[in-house]
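J.: Checked TrEMBL, it gives:
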- 5-209: domain 'Porphobilinogen deaminase N-terminal' (DOMAIN)
- 222-286: domain 'Porphobilinogen deaminase C-terminal' (DOMAIN)
- Cys238: S-(dipyrrolylmethanemethyl)cysteine (MOD_RES)
Amino acid sequence: MMGSIRIGTRGSPLALAQARMVATALRDTHDWGPEQIEIVPITTTGDIVRDRPLAEIGGKGLWTKELDACLGDGRTDISVHSMKDVETFRPESLQIAAMLPRASVCDRLIGAESLEALPQGARVGTSSPRRAAQLLARRPDLVIVPIRGNVETRLRKLGKGEADATLLASAGLERLNHPDTGVVLDDFLPAPAQGAVGIEVRASDRRTRSLIAAIDDRATHLCVGAERRLLEGLGGTCRSPIAALARLDGGEIHLRAEIISPDGSEIVRCEERFAAEDTETPLALARALLARASPSLRALFAG
Ligand SMILES: NCc1[nH]cc(CCC(=O)O)c1CC(=O)O
């Protein structure tokens with residue numbers, strides 16, 4: 001049977017690169033020709049509101065609302081997302097049907113050989129509360145300055161001296177052909193779902209659901225599922241500094257997570273192994289993290 005599919009994606013270079021990865025996976029798996037796949041770039045609120053930290057703009061679904069609308073009314077058949085940017089609770093009518101094999105999960109430091117090499121009081125550009133807190137935990141002298149825009153924009157701003165250094169996800173840099181930019185910070189726990197590309201379908205669309213399920217990477221799906229479940233348990237928002245990383249090891253998930261006060265002075269960590277099908281333990285871990293946090297740290301979470 002001939003298939004054909006319209007892929008909804010944000011229009012940023014990274015989003016388009018990820019949509020093309022999905023197109024390639026579908027072509028290889030279903031033996032489709034290029035004419036059977038159409039990439040439909042969609043502008044989202046997050047793309048328009050550029051110059052304020054996202055955490056400040058608030059509001060739900062900055063990156064997803066417009067994609068959801070197109071998917072919902074059939075203008076597209078699937079949406080491709082950076083799972084890191086997808087809010088915890090999704091509309092019931094939609095379903096994340098697959099994830100591509102996860103790329104690098106870590107952040108990279110750009111602008112210095114290492115954190116230690118940054119001069120006293122250096123300005124590090126990031127609008128991520130997690131990255132800011134993780135930086136300050138190691139280097140309280142650093143000055144965090146907001147920086148926004150897509151990956152290329154941030155690299156350009158760094159080049160113009162808006163900051164002395166910045167942190168970016170390794171996955172994004174690799175997908176944009178910057179494999180050698182910056183140094184990997186492998187002792188920084190990443191954001192939940194970092195490096196994962198997810199594919200969403202209409203729950204009612206059984207044909208597309210099964211076409212997409214064929215390219216699912218089970219290990220990535222399980223690990224990102226556990227990280228997002230922890231986020232759900234914490235009542236995490238874009239204002240809450242949360243890091244989490246799961247790995248599949250045999251039939252078990254190994255989940256590590258931390259919550260950090262915005263100034264980096266308080267870090268609460270946890271680590272647990274549990275069966276891959278177990279969706280309750282991440283919630284219990286979230287409760288345990290909050291129980292050990294100071295009242296002011298706990299107050300940052302809705303969970
Ligand atoms: N919030 C923006 C965003 N969403 C996904 C990525 C990178 C790719 C990924 O983590 O999957 C980035 C840029 C960054 O954090 O450096």
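Just so you know, glycine gets a Cβ as well, placed from its N, Cα and C.
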J.: Please give the average pLDDT for the domain 'Porphobilinogen deaminase N-terminal' (5-209) in this predicted model.
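T.: Summarising the domain 'Porphobilinogen deaminase N-terminal' (5-209) by its mean pLDDT gives 93.
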J.: Quick check on the domain 'Porphobilinogen deaminase C-terminal' (222-286): DSSP residue counts for helix, strand, coil, in that order please.
T.: 19 helix, 26 strand, 20 coil
